[in-house]
Amino acid sequence: MMPVRAGGAPCPASPTYTPYLRDNSPRRKARGGGGGGGGGGGGGVPLASALLSVPGCLGEVLQDLPRPGRGHPGPRPLPFALPLLQKYRGPGGFISADPPAWAAAAAAMPSKFSCRQLRETGQRFESFLVERGLDMETDRERLRTVYNWDFKISFGTPAPGFSSMLYGMKIANLAYVTKTRVRFFRLDRWANVWFPEKRRVRLGSDVSKHRKSLLAKIFYDRAEYLHGKHGVDVEVQGPHEARDGQLLIRLDLNRKEVLTLRLRNGGTQPVTLTHLFPLCRTPQFSFYDGDQELPCPLGPGDCYELHVHCKTSFVGYFPATVLWELLGPGEPGSEGAGTFYIARFLAAVAHSPLAAQLKPTTPFKRTRITGNPVVTSRIEEGERPDRAKGYDLELSMALGTYYPPPRLRQLLPILLQDTSIFTAPKEIAEIKAQLETALQWRSYEVKFRLLLHLEELQMEHDIRHYDLESVPMTWDPVDQNPRLLTLEVPGVTESRPSVLRGDHLFALLSSETHQEDPVTYKGFVHKVELDRVKLSFSTSLLSRFVDGLTFKVNFTFNRQPLRVQHRALELTGRWPLWPMLFPVASRGVPLLPSDVKLKLYDRSLESNPEQLQAMKYIIMGTTRPAPYIIFGPPGTGKTVTLVEAIKQVVKHLPKAHILACAPSNSGADLLCQRLRVHLPSSIYRLLAPSRDIRMVPEDIKPCCNWDAKKGDYVFPAKKKLQEYRVLITTLITASRLVSAQFPIDHFTHIFIDEAGHSMEPESLVAIAGLMEVKETDNPGGQLVLAGDPRQLGPVLRSPLTQKHGLGYSLLERLLTYNALYKKGSNGYNPQFITKLLRNYRSHPTILDIPNQLYYEGELQACADVVDRERFCHWEGLPRQGFPIIFHGVMGKDEREGNSPSFFNPEEAATVTSYLKLLLAPSSKKGKARLSPRSVGVISPYRKQVEKIRHCITKLDKELRGLDDIKDLKVGSVEEFQGQERSVILISTVRSSQSFVQLDLDFNLGFLKNPKRFNVAVTRAKALLIVVGNPLLLGHDPDWKVFLEFCKENGGYTGCPFPAKLDLQQGQNLLQGLSKLRPSTSGPQSHDYPPQEREEEDGLSLQVEPEWRNEL
């Protein structure tokens, strides 16, 4: 047998390769003594054979090593503990063939690592990758090599094998692992770069991180490349406007304009033009230089001309960039020598008349939050609104305040920094450890309480965006109430911010804000009317008030939802709910025999086997104590199934009492509307006193707690409420039943609709304190969750809570991590979960892509044929029979005023043109051929929503003349969840503002969210129209599939579809740009400011979510 040196290097006679030690090891000693074929090693064994027999870590490590023939990268350092190898090498530096001595020592190493040890090792490896500049690496085999050859040798203690470590990270939800790729979630910062090439280039392992940072430097530090250097500058000849460092060329459709860019050497020394990069993303530009050859010497006074031809047949905004690379004067190493760069940023613009009217009204100016509101020692309170006149519901259980700990508030800025748990200060490391620990029962309350505190701290910051400076108040002009003042609050109708009856805000007189200790007036909201709120202040303020007096106003948010969630977390421990929250099995105790016959109220459900299956298991109750899940993809009738299940429980279980909840008032109203058809006297809808009665549907007022005679809400006593078979509330209002201390066994069933849209602690509000898990012979109540984890989850504000699990609903967590709800080879276990498969909403073509992307192709199109094919032959379709349109628009992102939200005038104009075509009055009937109520417009940006509304209600004469145009809903994706329309139009808004987007995270925040994409495209029943920039959307994998689907089926129209250029062209471009060495010195100019990075969080920039008002 061929001997092997202790260093791992094979003897010369050996034809195989074995890894050797690092340079900092005693390599020379290990290789000494014989150096040749088998000196002193006759009794040795190959290192691989010897170590594979070692129990525990050492053997496992070697099994992880890349083998010859598996793409082995070449000599690398040995991965395991050097002292062990040094101590047990045999004569002449070879490992002894007699294993007992060294095997005994190796056996002392741990043979099995705990999940915690695996996770901690993985987290150290993450930090190691960051320190080595390898945090962009995703290739599994490369990471295996780094782990085995580099990381373990510096680890200092025995470490688990690479595969074991990955397993620990995977089960802790800290890594995404496939056969070829590994993504550590804490290092998930990859960015893509678009270049005109055949396939998208992904900047990761193939292109150096340094090269990408240089590209980003060009993009963000534009000013540096706009100035001449060494006397070399660019002269521009032709029609253009210079604006914000950009050459703007205005075009008429189908008319060519020519711009000449003349690179002139105005210095006294010769330079050389080495490269010219016309970085163009669109066919609207073409470049000509007269076939001049490069490199091109430029003596003093010499010029190099580039002619830029611009022409378009489409409206839009078309950017391009020209970059010159030059070699400076002087000998190498002398002053002035070296490569330098000059760039010009171009944009051709062709506006439609309507888009021209939508241009920014004022320049964008970023709002700066000055800090926390002024806190003074003198606070005068106004008068609180009267309590509900019939409030008889007991309040037996106290509700704590649960303020965030002051120390957590102080540490928050450090927590927001991306520091490793291993390098952070002890206090920070402890908090990070709590956040990064996988959710389990023993840490359940602690982790969620921390997450709720972090979310509240972010809310405190975000609410400051709405503070008002020097705003006037007036006496109540309508009710003429001498005790109330009126304040105009823009955006309050859209809950931005949320202001409800009973809330409060703080006001300081503008003239007193600079005083040392001014009086702060605490005003209570008595009424909200459109964009006005009516406030009660102290008598001292009212006595000195005159119309027009101005104030500094600080808004607050209602803490009630947070407080009841904290209490619910406390109650989970008082009535242990772990068998329900972390279920491991069913106790198999039925409430009804398995052969029970169901006579359905809704006979249409009889033909749907999945809905029948769900109802059967819910009524039987054999799932308990585990929750039963109705997994309802879009349009499959999950709410219909849940409602029918409630009716059947009431019918077959006479002693049953049901609590039916939803996160939103609209969701709870819908449950009430559908239940009262067959259970009019058995249900009661409990509304919060802050709910505007004008927003309550008329058909549920007879069965809710609104007293028309008193003109107020009433809250019956607990005994009275217990008489109803079904109580319907929002999740937050269910806390009133907890406060009243309903008996823990009163509710036999709790149903939560829209369960995927609520935070887990929010769902707990309706469970903890109202239901318990009993002994084996009686498993307690039945919890039923209905929702879709593939659609939008809860809206969060804090990046920390988004990262560490608060965005997971209870439903999604169970479906993702609990074995009972996993899909097996035979599908889901029907005892615990039913996936509804029949879609009753959309045309099969509209359903196709989301079905393949998110639902494994299992959904079946079962919508009414007449309804779903209504627009298959509409004259506006690019291809008849294909009811999807993707209209490509190369627009421009705009912002105005102090709003960070984006809008795109060209897309708004295009959407308006489609609406005119859809809603145009028929010449025969004189009415709109389609009701505006049947059309919805979705956009992720609040400002775009405003602009489209402005178009249809103010700017366009035809649309604003329609009597019912106000019934046309324009809103965000979140506002459309759970809704449907015959026709849906989507404006994606974001477009390219520069020659290339170096960080697509800035432009694809909306698009990169698969859940938001899924909801947006599945709202349409018969016609889907998407307006957006195909160049940008093509970078997102889901949108790319959708784009190609539209193109292949003839549904694409608008600007030319992105051409697929040669891959090598893009690679050459990258190679050329990799030589850039941007200088940090040089002249700065205020004329051409660098493009600002977006400081606001993605939510405020995009959807700017409504503030929570579902009480």
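Glycine too: its Cβ is placed from the backbone N, Cα and C atoms.
Annotated compositional bias 'Gly residues' per TrEMBL: 32-42, in sequence order.
According to TrEMBL, the feature domain 'Helicase MOV-10 N-terminal' maps to 119-184. For the domain 'Helicase MOV-10 N-terminal' (119-184), DSSP puts the residue distribution at 38 helix, 8 strand, 20 coil.
With helix defined as DSSP H, G or I and strand as E or B, the domain 'Helicase MOV-10 Ig-like' (222-349) counts 5 helix, 72 strand, 51 coil. The domain 'Helicase MOV-10 Ig-like' annotation in TrEMBL covers 222-349.
Marked as domain 'Helicase MOV-10 helical' by TrEMBL: 399-465. Mean model confidence of the domain 'Helicase MOV-10 helical' (399-465) amounts to 89 (pLDDT, 0 to 100 scale).
For 466-555, the entry in TrEMBL reads domain 'Helicase MOV-10-like beta-barrel'.
What TrEMBL lists as domain 'DNA2/NAM7 helicase helicase' is 607-677 (among others).
What TrEMBL records for 718-798 (among others) is domain 'DNA2/NAM7 helicase helicase'.
If you look up TrEMBL, you'll see 808-1029 marked as domain 'DNA2/NAM7 helicase-like C-terminal'.
Among the features that TrEMBL reports, region 'Disordered' is placed at 1-42 (among others).
The region 'Disordered' annotation in TrEMBL covers 1074-1111 (among others).
Only pairs six or more apart in sequence are counted, and the domain 'DNA2/NAM7 helicase helicase' (607-677) with the domain 'Helicase MOV-10 N-terminal' (119-184) gives fewer than three Cβ pairs under 8 Å, not enough to call it a contact. According to DSSP, the secondary structure content of the domain 'Helicase MOV-10-like beta-barrel' (466-555) in residues is 13 helix, 40 strand, 37 coil.
Ranking 119-184, 222-349, 399-465, 808-1029 by CB pairs under 8 A with the domain 'DNA2/NAM7 helicase helicase' (718-798) puts 808-1029 at the top. For the domain 'DNA2/NAM7 helicase-like C-terminal' (808-1029), the neighbouring stretch richest in Cβ pairs under 8 Å, chosen from 119-184, 222-349, 399-465, is 222-349.
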